[in-house]
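Here's what Swiss-Prot has on this protein:
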{"type": "BINDING", "residues": "Tyr235, Thr236, Ser237, Gly238, Thr239, Thr240, Gly241, Leu242, Pro243, Lys244, Gly245, Val246", "note": "ATP binding site"}
{"type": "INTRAMEM", "residues": "250-318", "note": "intramembrane segment"}
{"type": "MOTIF", "residues": "477-525", "note": "motif 'FACS'"}
{"type": "TOPO_DOM", "residues": "1-15", "note": "topological domain 'Cytoplasmic'"}
{"type": "TOPO_DOM", "residues": "37-138", "note": "topological domain 'Extracellular'"}
{"type": "TOPO_DOM", "residues": "160-249", "note": "topological domain 'Cytoplasmic'"}
{"type": "TOPO_DOM", "residues": "319-643", "note": "topological domain 'Cytoplasmic'"}
{"type": "TRANSMEM", "residues": "16-36", "note": "transmembrane segment"}
{"type": "TRANSMEM", "residues": "139-159", "note": "transmembrane segment"}
Amino acid sequence: MACMHQAQLYNDLEELLTGPSVPIVAGAAGAAALTAYINAKYHIAHDLKTLGGGLTQSSEAIDFINRRVAQKRVLTHHIFQEQVQKQSNHPFLIFEGKTWSYKEFSEAYTRVANWLIDELDVQVGEMVAIDGGNSAEHLMLWLALDAIGAATSFLNWNLTGAGLIHCIKLCECRFVIADIDIKANIEPCRGELEETGINIHYYDPSFISSLPNNTPIPDSRTENIELDSVRGLIYTSGTTGLPKGVFISTGRELRTDWSISKYLNLKPTDRMYTCMPLYHAAAHSLCTASVIHGGGTVVLSRKFSHKKFWPEVVASEANIIQYVGELGRYLLNGPKSPYDRAHKVQMAWGNGMRPDVWEAFRERFNIPIIHELYAATDGLGSMTNRNAGPFTANCIALRGLIWHWKFRNQEVLVKMDLDTDEIMRDRNGFAIRCAVNEPGQMLFRLTPETLAGAPSYYNNETATQSRRITDVFQKGDLWFKSGDMLRQDAEGRVYFVDRLGDTFRWKSENVSTNEVADVMGTFPQIAETNVYGVLVPGNDGRVRSLNCHGRRRDRVDIRFAALAKHARDRLPGYAVPLFLRVTPALEYTGTLKIQKGRLKQEGIDPDKISGEDKLYWLPPGSDIYLPFGKMEWQGIVDKRIRL
């Protein structure tokens, strides 16, 4: 990686082995001591384990893929059916107190699969959109579509209006199959969808259980599916202002899910609890599909709840829980309970555990392993940290000598101009590698061999190409931009710093600043908008902040109640701006790009706000934006006010 130079590492190793500072030792004890010292300093054993694990393109992974292709069994459905053959009565799913064995769940989704064929005439390779909250039926629909060789468009059930219509049209589907519980989000869009030939069907438990045809789906239906075929779309917010569909190929899903299962060493005795939404890759791939590969049990919650989380974990006897960073903080902020340590959890697996939460979470809930993953649905490459002690607490990876020897020119941290979010270049026009402990954007090298597997956005070549950059270190080279700021310390520990650009995370969701700005900009009294995320004490992610100025006659007299209603009627709850900064004029760069750097740095601390700018906020439970001053700020700092 950029922060540790290969030549220096070799020099260090040579000095270690030959320099006068190393005492002369003899015999087995001396050799063992020297080996231990080298291992501790250069993380040799850690690198060997990492490079041989499931998350690297090892020979074992290649053999697995080749074997599945030869067998013509490359789908998750095929893996599931093999578990049915091996352990038909073993529990696959626990949901709201009910348990399905692998055999029972197979029979259930087979009935759904036959309905898709018999009633809807869904074809092999056809895309079908499913929209709904976490439920057994949602999983049945996904596996049923997989079983018949169709692809699944996983819609975010929070979406409505233009965002929902955009996602449905993007995936070019004939059918949207939606949970009856979110009918209110779907029906306002029915007219426009039906005009383009899209049909809407609703499901609930009674409908799914009433389906009669349980004829096994013939293997011949899916035997010709190729690895590069589309298996699904998972949506992410981006700088275009509307969600983008990340293309999940059959090969990527097979390789990723097997790799995670292998890396975590998932077994039939494992039970993984998740309350993450099934339309996200976290619950879909990092939990459900990976557990299927391992033959274990998925413990699914409908959604996160302080009251239900630990009781469900305890009752299900889960030994692994899945988290995102915010979840750890929410649980810590909850009242202490006898359930806190009454569970059997040995590992918390997820991404985004914040440094101020990490050790407090482990200590309070007595969880030995915090297993942090750095990856993204639309990203390339991944990092992991299986943390069991203080040395690697709070980081996303540990890189040693062997890793740097092999990958230092494949993954590189480069310096960034944080005002423009552009890569800084030297006088020759090439990127500048970061020094030790210097934050920079992570770039992943693209070669002819890796280009085919690089992430892409469905039907959006412009967005796909925007993640790639050329002439980074030499003319003609090609790299993938992660969009994330990371840093590496002198010990080889890698830390997540922040997200770049026009997307930030809040409550496990990616929020597009352009999408929010477009919606808020249609309010009659607002002339221009600048949306950005600000850090708030005691909260993970960034809170939505809207910098705006009114039309001249309305500069002061903005109707704040109407503005709040305007936002809530048109945006998902997690995207509604919580803070307003009303200013006489927006600031632009020389190339007419809106300035965000100073606004992000000043945040919502009233003492840092200068000039004529005024702050407002939307308090929890309020229907109107109210003035935000020192008293409200102190309430957030003291954690008396929670967002």
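For all residues, glycine too, the Cβ spot is worked out from N, Cα and C.
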Residue distribution over DSSP helix, strand and coil in the topological domain 'Cytoplasmic' (160-249): 35 helix, 23 strand, 32 coil
Secondary structure content, the topological domain 'Extracellular' (37-138) (per DSSP, counts of residues): 59 helix, 14 strand, 29 coil
Neighbouring C-beta atoms (10 Å sphere around the C-beta of Pro243 (ATP binding site)): 24
For Gly245 (ATP binding site), nearby residues of its own chain (Cβ under 8 Å, 6 or more apart in sequence): Ser153, Cys167, Leu170, Cys171, Leu233, Ile234, Tyr235, Tyr457, Tyr458, Asn459, Asn460
